[in-house]
Amino acid sequence: MTREQGTVIAAHGRHYLVQAGEHKVQCVTRGKKSDVATGDIVHWKRTSPDQGVIESIAERKTLLYRSDQYKSKLLAANVTQLFIVVATQPGFSDDLVSRALVAAEAGGIAAHIILNKVDIEELLAPTRQRLAMYANLGYPVHELSAKSMPEQAKELLQPLMQGQSSILIGQSGMGKSSLINLLVPDAELATREISAALNSGKHTTTFTRLFMTGNDTAIIDSPGFQEFGLYHLSEGMLERAFREFGPHLGHCKFYNCHHLTEPGCAVLGAVEAGEIAPLRHALYQQLVHESSQKLY
Ligand SMILES: Nc1nc2c(ncn2[C@@H]2O[C@H](COP(=O)(O)OP(=O)(O)OP(=O)(O)O)[C@@H](O)[C@H]2O)c(=O)[nH]1
Ligand SMILES: [Zn+2]
């Protein structure tokens, strides 16, 4: 039996779909191991014409996680950039946007924001205003309308995604599926194929799927989410994942400052001076709390 290489394009429980050249192979792992993520490059052995066993995972360039108090959950491996999709309508959660930005920073992944539905003009100005906080931190904000200006949306995004592995994440209703369908013409068909292969029945969009749109371009669709737990990030990782804290780190009175209530804290000073958004510092505080609650 030969050992072959492939890319994991979907994961469902302990079942994985591996794209190997033109073929899709249903794979399992040995034993109870289930630490394979969508986007992983794996070595596998064929056990039947369309089935195989994953033998090993190639070294990952990046790994994106979510976690709760009890365990962490792999979102995707080898992603080079993350696009957070928000819209003028329905409203989006700043908490989720910032959590996704923190996850990207902690994972060494570039982060972008897509503002969809700019055709809803009456809500454009207030939405831009809300997003200014992120734009001011240096995160690119791309404005488009998947529905009323699809060609322009494609022209804007395709060059950004060329040669990259991009994951799109967003709350329900932001238009993420519309964007995926624009960027991946046969996405719906591919999703049906993946669901059938993984035997996941109706739960077509409850797992993360990877689409290859060229030799070296991958677009990953993740299920809509309402929560983005980051219990796995340590305090040290957190203070570095808030990029606006950077210039102030090392300038606190206490070298082991937690930037929570300490006197002489440079980060708190910057919040006071209006240089750091209170909303972002409040999230940092919440994440430090979560980090202290983890049980694994
Ligand atoms: N006005 C407007 N509506 C849009 C645009 N893009 C998508 N929509 C609409 O927004 C709704 C949600 O779009 P989807 O693409 O299904 O969004 P989603 O984020 O995948 O949402 P879920 O399927 O709920 O996860 C649909 O009714 C779309 O027709 C846009 O550019 N402008
Ligand atoms: Zn401090």
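The backbone N, Cα and C atoms fix where each Cβ goes, and this holds for glycine too.
TrEMBL: automatically predicted annotations, no manual curation.
Marked as domain 'CP-type G' by TrEMBL: 68-228. Residues or ranges marked as domain 'EngC GTPase' in TrEMBL: 77-226. Per TrEMBL, the feature GTP binding site maps to N116, K117, V118, D119, G170, Q171, S172, G173, M174, G175, K176, S177, S178. Per TrEMBL, Zn(2+) binding site is recorded for C252, C257, H259, C265.
Candidate binding-site residues: N116, V118, C252, C257, H259, C265. Those with a Cβ under 6 Å from ligand 1, in sequence order, are N116.
Candidate binding-site residues: N116, S172, M174. Not one of them has a Cβ under 6 Å from ligand 2. In the structure as shown, the Cβ atom of C252 (Zn(2+) binding site) sits within 10 Å of 19 other Cβ atoms. Here M174 (GTP binding site) is positioned 40 angstrom away from C252 (Zn(2+) binding site), judged by their C-alpha atoms. Neighbour counts of Cβ atoms within 10 Å were compared for the binding-site residues V118, M174, C257, C265, and the top value is held by M174. Nearest neighbour of M174 (GTP binding site) by Cα distance, taken over the binding-site residues C257, H259, C265: H259.
A mean pLDDT of 93 is what the model gives for the domain 'EngC GTPase' (77-226). In sequence order, I84, V85, V86, F92, K176, G224 are the residues of the chain that are 6 or more apart from G170 (GTP binding site) and have a CB within less than 8 Å of its CB. For N116 (GTP binding site), the nearest neighbour among the listed binding-site residues (C257, H259, C265), judged by C-alpha distance, is H259. Neighbouring residues of the recorded Zn(2+) site, listed in sequence order and excluding C252, C257, H259, C265, comprise H248, K253, F254, H258, L260, E262, G264, A266, V267, L268 (Cβ within 8 Å of the Cβ centroid).
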